[in-house]
Structure formats: C-alpha cells, structure tokens
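Quick look at what TrEMBL annotates:
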{"type": "REGION", "residues": "1-20", "note": "region 'Disordered'"}
{"type": "COMPBIAS", "residues": "9-20", "note": "compositional bias 'Polar residues'"}
{"type": "TRANSMEM", "residues": "68-95", "note": "transmembrane segment"}
{"type": "DOMAIN", "residues": "70-498", "note": "domain 'Major facilitator superfamily (MFS) profile'"}
{"type": "TRANSMEM", "residues": "107-125", "note": "transmembrane segment"}
{"type": "TRANSMEM", "residues": "137-158", "note": "transmembrane segment"}
{"type": "TRANSMEM", "residues": "164-182", "note": "transmembrane segment"}
{"type": "TRANSMEM", "residues": "194-213", "note": "transmembrane segment"}
{"type": "TRANSMEM", "residues": "225-247", "note": "transmembrane segment"}
{"type": "TRANSMEM", "residues": "316-337", "note": "transmembrane segment"}
{"type": "TRANSMEM", "residues": "357-377", "note": "transmembrane segment"}
{"type": "TRANSMEM", "residues": "389-405", "note": "transmembrane segment"}
{"type": "TRANSMEM", "residues": "411-430", "note": "transmembrane segment"}
{"type": "TRANSMEM", "residues": "475-495", "note": "transmembrane segment"}
Amino acid sequence: MDNGPWYSKQESSPLKLSRNASITSPRRMDNSELKLIREYNSQVSIPEHQILSFDHLLDEINFGKFQYWIYGIMALMSISEGAQITIFTLMVPILKNEWHISDSLNSLQASFVFVGYLVGSMLSGQLADRVGRKKPFLISSFFTCLLSLGTIACQEIYSLLTVRALLGILVGLFAPCGVTMISEITPGHLRGRYMGLITLTFAIGQLFGLFVAEYTLISLDEGNWRLLTFWCCLPGFLAWFISLFWLRESPRFALLSGQKDLAYNIIEEMIKSNKSSIQFTDDMKIKLSNWTHAMNRIAKNQNNASIMSLFENNRFFLTILIWFNWFILSFVYYGIVLLLPDILSHIEQTQTGRDKIIQLVISCISDILGAVAAAFFIEIKGFGRKNSLIIFFTIQALTALMAFYDIEHHFIYWATASKFFLSMTFIFSFQYTAEVYPTKIRTTGIGMANGIGRLGGVIMPWICMYMNSQQLRSPFVLFSVLSVITSFSNCFLPFETLGKELE
C-alpha cells in the first residue's frame with residue numbers, strides 16, 4: 001500500500017474541493033461547487049486526480065507566521081483608518097466653534113470624504129485585479145499617511161475639504177486591496193473567523209483615537225485637533241514600514257495571472273515561515289499548474305477585471321443586493337458615528353467633556369465586542385453569512401427604534417447596542433462579498449461594494465443632520481426602517497458562502 005506524501009493520495013481519490021469534501025462526498029455541495037465540477041468535466045481535459053487546488057494546498061500549509069505578519073500590517077492600517085474616523089467626527093463640533101463652520105459645510109466635508117472613497121474603491125478594483133494586490137496597497141497606504149499629516153497644515157475649511165477628498169480616494173484604494181489579500185492567504189476553514197477578528201481593529205482604531213483625544217482635547221467642542229491628528233497617523237506609518245519588508249503578493253493572484261515562478265517562491269516562503277511539514281515538490285507544482293490552467297480556461301472571456309463583469313454569469317441580481325446592503329450599512333453606521341457626539345452634547349449638558357468621551361469609548365468597545373461575536377456566529381451552521389445578515393439587521397432595527405422612543409437618559413445605551421449589531425453585519429457583509437466573487441474580479445467586487453456603500457455616506461450628512469436639527473434623535477427612526485428593509489432584501493441572496501471554496 002502506498003504511504004507516500006499526502007498529495008499523492010489524490011491519485012486514487014476524487015478531486016478535493018475543500019478540506020473535508022470531495023466530488024463523491026455525501027455532504028451537500030453548494031451551487032458554485034456543482035457548477036465548478038461541471039465546468040471541469042466539460043471544459044478541461046486534464047484528469048481530476050492530476051489537479052491540486054490552491055485552497056487545498058493552503059489548508060495543508062495552514063495558518064502561521066507568514067499570515068501573522070500580513071494580518072498585522074492590515075490590522076495597523078485598519079487601526080489608522082478607525083482613528084481617522086474618530087478625528088473626523090470629533091472635528092465637526094470643534095471646527096464649528098473654531099472656524100465658525102455652518103452645518104452645510106460640515107455636511108459637505110463628510111460628503112467629500114465618501115465621494116473620494118467611492119472613486120478610490122472603483123480604481124482599487126481595476127488596479128488590484130490587473131497589477132496585483134501588493135503595489136496598489138504600498139503606494140496608496142504611504143500617501144494616505146502623508147496626507148493625514150497634511151491636514152495639520154490646513155488653516156481654513158476649503159483646503160481641508162480638498163485634503164479630505166484626496167484622503168478618501170487613497171483609503172478607498174488600499175482598503176479593498178487589504179481585504180482581498182487576507183481573504184486569499186487564509187485557509188478556508190479559518191477564513192470567516194479570522195477575517196471577522198481582523199475587522200475589529202477598525203473599532204480598536206476608533207478607541208485609540210478617543211484615547212488620544214482624552215489628552216489632546218478639552219471637551220467635545222474644544223481642543224488641539226492638530227496634535228490629535230499627528231498621534232493618530234503613527235499606526236499607519238508603522239504599517240507601511242513593516243509592509244516594505246513583510247508584505248508579499250497574493251500567491252493566488254500570481255498563479256492565476258501567469259506569474260508562476262513568483263507564486264511558487266511565495267508558497268515556498270509560506271511553508272518555511274509556517275514551519276509546515278509539506279514538501280512543495282515538482283509534482284505538486286505540476287498539479288497546481290494544472291489547476292491554474294483549468295481555472296483560467298473556465299474564466300476565459302467571462303471574468304475580466306471590469307465593473308460589468310460583476311453583472312455577468314447570473315450575478316446581476318446578486319451584485320445589486322450586495323450593493324444595496326453596503327449602501328444601507330454605511331448610511332446607518334456612519335450616521336450614528338457622526339451624530340453621536342452632537343446628540344450627546346445636547347442631551348447630556350450637565351456632564352463634563354471627559355464623561356462624554358467615556359460614553360463614546362463605551363460605544364467603540366461595543367464595536368469590538370460585536371466583531372468578536374460575529375467571528376463566533378459566522379462559522380456556525382444555521383447562521384453563517386446570509387442568515388446572520390438577516391437576523392442581526394432585524395435586531396439592530398429594534399435597537400435603533402428604541403434609541404428614539406425611549407427616554408433621553410437611555411439613548412447612549414440603545415445607540416451603543418445599534419453599533420454593536422451593525423459592527424456584526426459589517427463583518428458578515430465583508431466576508432460574503434469576499435467569497436462570492438472569483439479571484440480575477442474579487443477586488444473589483446469588494447471595491448465597488450465598498451464604494452457604493454460610501455455613497456450612503458455621501459447623502460447621509462445632508463439627510464441626518466437636517467432631521468436631527470428638526471427633532472433630536474429622529475434619524476434613528478429612519479435607521480430602523482432602512483435596516484428592516486435591508487434584512488428583508490437579504491432573504492433573496494441566492495446562496496450561503498459558508499464552507500464555499502474560493503473560485
């Protein structure tokens with residue numbers, strides 16, 4: 001009986017589609033797997049036992065030092081992004097007093113940021129799905145850090161508006177690249193949980209911004225916002241510096257874009273860094289090359305890196321639902337983030353500035369707890385990605401409604417609960433979007449979903465700040481209605497991605 005290496009066992013067994021499943025496995029396979037099988041059988045002349053999928057190889061190499069470094073880089077950039085959101089929201093009342101800015105200009109400032117993010121997200125997909133994930137990330141993250149520091153030099157609102165718009169473009173460039181990168185280097189059986197945990201670093205960034213604000217601001221409407229900005233830029237610079245030495249191209253992208261030697265070198269480095277017992281032999285390279293050929297042959301003339309490709313092959317309805325989901329998520333989440341300091345300054349007038357910052361800190365901690373909870377639910381059968389979106393959007397709608405109807409003293413508790421459930425739905429949405437599109441258009445899919453989501457952020461300030469000026473807390477009624485509609489729309493997502501192998 002042959003006792004050779006693990007991969008040689010494929011010679012006498014069906015093609016492995018995931019860690020625990022094969023074509024003949026009794027496990028019920030999702031539609032994408034069945035479609036892949038049919039396409040392999042009808043289009044590819046290579047015997048199935050001569051094919052080694054990248055996901056199978058990644059599962060065997062497992063998670064280790066190689067991934068830790070890249071996750072660390074993305075975590076630091078996410079912390080920096082979260083801190084910048086804190087700066088932005090805290091600067092709204094401060095600049096209103098310091099520069100005597102009207103509500104309409106503050107709304108315009110928020111819109112500029114999200115318009116920039118939309119533009120950056122659209123560019124990100126086109127760049128990353130053509131030239132790779134690494135270069136766009138390195139360049140955009142560096143200039144993001146520089147421009148963040150550049151806001152310190154702004155002396156009036158119009159120069160700040162310009163810098164904010166450019167910052168939005170750059171963040172829109174690097175964020176989808178980062179999400180795509182970690183989704184493509186994480187083993188399938190860990191992808192949902194680990195990507196869920198990395199998302200909580202955005203909330204940690206917001207918390208970091210509030211921690212710095214405690215020592216740089218006098219109150220929620222007065223203080224040294226320039227010093228606050230300086231300290232909050234440091235995690236981004238650290239991430240960029242580390243990425244110069246440890247960031248690698250996505251080996252999956254390198255394989256599917258014809259850069260086989262680069263991909264093999266990265267895989268060998270991954271095996272060595274993770275101290276895996278796998279021997280990456282020439283035979284395995286041939287089988288992996290066969291998989292690459294098969295996947296590219298299937299995708300030929302179908303999955304070009306363009307926006308229109310998101311609507312091809314029965315993806316039209318799917319893409320529309322994903323975009324709507326992201327649009328409402330951004331509208332509601334950033335609406336709460338933007339309004340929270342202003343509402344607290346009106347309903348808690350007897351509290352000190354420090355007390356109000358502590359309340360914002362508690363609100364940010366709820367985001368972290370939400371991310372941890374999402375990482376738990378996302379891999380549970382019956383919850384997964386799709387069902388979790390439906391369930392937790394509904395619960396969030398109830399908490400938003402209570403934030404309006406309950407007494408003012410309880411507002412912060414209900415608003416914090418809303419953020420808790422929204423942070424969970426953000427993770428479910430990120431994960432679903434990252435898994436539902438093929439490799440060649442994955443960054444385009446994530447970038448466009450993110451960008452369309454930011455359109456919600458563009459119109460949000462004009463609607464929410466006006467409603468809030470007419471009746472305090474009234475935007476939360478709108479948030480509740482929109483969340484119920486989104487929960488219902490998610491029922492029509494065509495399939496669950498829990499356990500789905502990336503295409």
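Keep in mind that glycine also has a Cβ here, set from the backbone N, Cα and C atoms.
Proximity of distant same-chain residues to the transmembrane segment (357-377), defined by a Cβ-Cβ separation under 8 Å and at least 6 residues beyond the stretch ends, is recorded for 86, 192-194, 196-197, 199-200, 202-204, 206-207, 210-211, 213-214, 217, 220, 340-341, 344, 348, 383, 388, 412, 415-417, 419-424, 427-428. Here the transmembrane segment (389-405) has long-range neighbours at 325, 332, 383, 411, 414-415, 417-418, 421-422, 424-425, 428-429, 432, 473-474, 476-477, 479-481, 483-484, 486-487, 490-491, 493, meaning same-chain residues at least 6 beyond its ends whose C-beta is under 8 angstroms from one of its own. Residues 69-70, 72-77, 79-81, 83-84, 86-87, 90-91, 94-95, 134, 137-138, 141-142, 144-145, 148-149, 151-152, 205, 208-209, 212-213, 216-217 of the same chain lie 6+ residues outside the transmembrane segment (225-247) yet bring a C-beta within less than 8 angstroms of a C-beta in it. Spatially, the transmembrane segment (194-213) is not adjacent to the transmembrane segment (107-125); fewer than three Cβ-Cβ distances between them are under 8 Å for residues at least 6 apart in sequence. Here the domain 'Major facilitator superfamily (MFS) profile' (70-498) returns a mean pLDDT of 87 for the predicted model. When Cβ-Cβ distances below 8 Å are used as the criterion, the transmembrane segment (107-125) is approached by residues 88, 92, 136, 140, 157, 160-161, 164-177, 305, 307, 330, 334, 338, 441, 443-448, 450-452, 454-462, 465 of the same chain, each at least six residues removed from its ends.
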